[in-house]
């Protein structure tokens, strides 16, 4: 094999965005080592520039015909491009939200950004991994970096406790997932690439394959915080640095769903009915427990933790539907969830920087002292609850419509009921912020310091908040382009083998389903 043939089979240009992130990571690390504390303003700019360049390259790779790299070990199709874009965007916004937070804590910003970029790199590779070894290495890169970020505030006992819990439970989850993958490898006769595994699995014993599926789903469910594999989520979210919680709730979760789609659809075609059943149970448990337990929370971060568990239940509806409309609505919801969830955490960060607390009761009367945070948090929470015309309403509408067309009537009705429950605890926070009587104002708000936007890191934090809030508001009204993007990413991914139950035609307001399926070709 000559060099040109090898280069053609490797097709390394597919992972050019990941290469840019690696170069950015090394540049940030070296800059921080050379300049030390003087690199405070330079390292975030370098990181965001590199992430922006990687996103630009991803857009140029859209609809390319040669999307397999490294002898089929990585798939750079349109679906992976969207998921990798979500990971990159969540990392970029997280950096904007982190600068002031990390600076005020007295820890190194350069090291923080380096670990965050490493986690992003793991999430990107996981979103396109098409081979078992690549999947596991990518998953561990993301996981280990997440453990380090969770315990990054070394002087905070809560951060140390959260990191230890996350590490212990995460290590057990990785071991379970690895055991399932090793069974899959053995049953496939030593094949590691997912398409080749699917071809060989017809000869496997059903019971052994089912055991493998159960272990693999357990590992994936941990990554997406699905009940009953959610125990780490509330404690880790409460004790971790708030910007890291924001990244874990969006970037890490998106990578987990990308893994779920690619691994389960490609490697377990014979057990589609079985894994749909398991995910239906996970979705029901996540919707009920996430929304019901959130009603009793007094900490804003714990409330958002249980909210993220419930949001995973909503996203699973699209996965269970298994149609083009289902996968498209799933991708669309993750796109808008990026902005509305990060926007909510940006408001929590701003409030905690000024008051040192995240207790919901301390938000009482906030609109009188900080209208920006009140407006931003209100819009993001209303969007998470699915109030029109915000982005979250259309995201849930598309998911429920796809689920209904796929015959998931009970699951969709349950999701509607739990969505109404979620509106209650979101509005409870908003009501707390807009109390009018001075005597109802909390002690933290009474002593609320005047905002000084000239402090280092405050302008990026405000920029991140404004971008997320505007995107949350506008993405609902202009939902067509985003949904078309999600639909194109799904229809262009051949491994899904879609036979849609109904074609979805979008308008600026609501999706319309054709009553008859498309004619067979």
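Using N, Cα and C of the backbone, Cβ positions are placed for all residues, glycine too.
Marked as transmembrane segment by Swiss-Prot: 14-34, 42-62, 79-99, 109-129, 167-187, 241-261, 275-295, 303-323, 331-351, 375-395, 397-417, 463-483 (among others).
Residues 14, 16-18, 20-21, 23-25, 27-28, 31-32, 35, 76, 78, 81, 84-85, 88-89, 91-92, 95-96, 99, 109-110, 113, 116-117, 120, 460 of the same chain lie 6 or more positions beyond the ends of the transmembrane segment (42-62) yet place their CB under 8 Å from a CB of it. Using the rule of three or more Cβ pairs under 8 Å, pairs at least 6 apart in sequence, the transmembrane segment (14-34) is not in contact with the transmembrane segment (167-187).
Remark: the transmembrane segment (275-295) makes no contact with the transmembrane segment (241-261), by the rule of 3 or more CB pairs under 8 A. For the transmembrane segment (303-323), same-chain residues at least 6 beyond its ends with a Cβ under 8 Å from one of its own Cβ atoms are 224-227, 230, 233-234, 236-238, 245, 249, 253, 257, 260-261, 272, 276, 279-280, 282-287, 289-291, 293-294, 297, 329-331, 333-334, 337, 341, 344-345, 348, 360, 384, 396, 399-400, 402-403, 405-406, 408, 411-412, 415, 418-419, 422, 425, 429, 498-502. In summary, the transmembrane segment (79-99) lies against the transmembrane segment (241-261): three or more C-beta pairs, each 6 or more positions apart in sequence, are under 8 Å.
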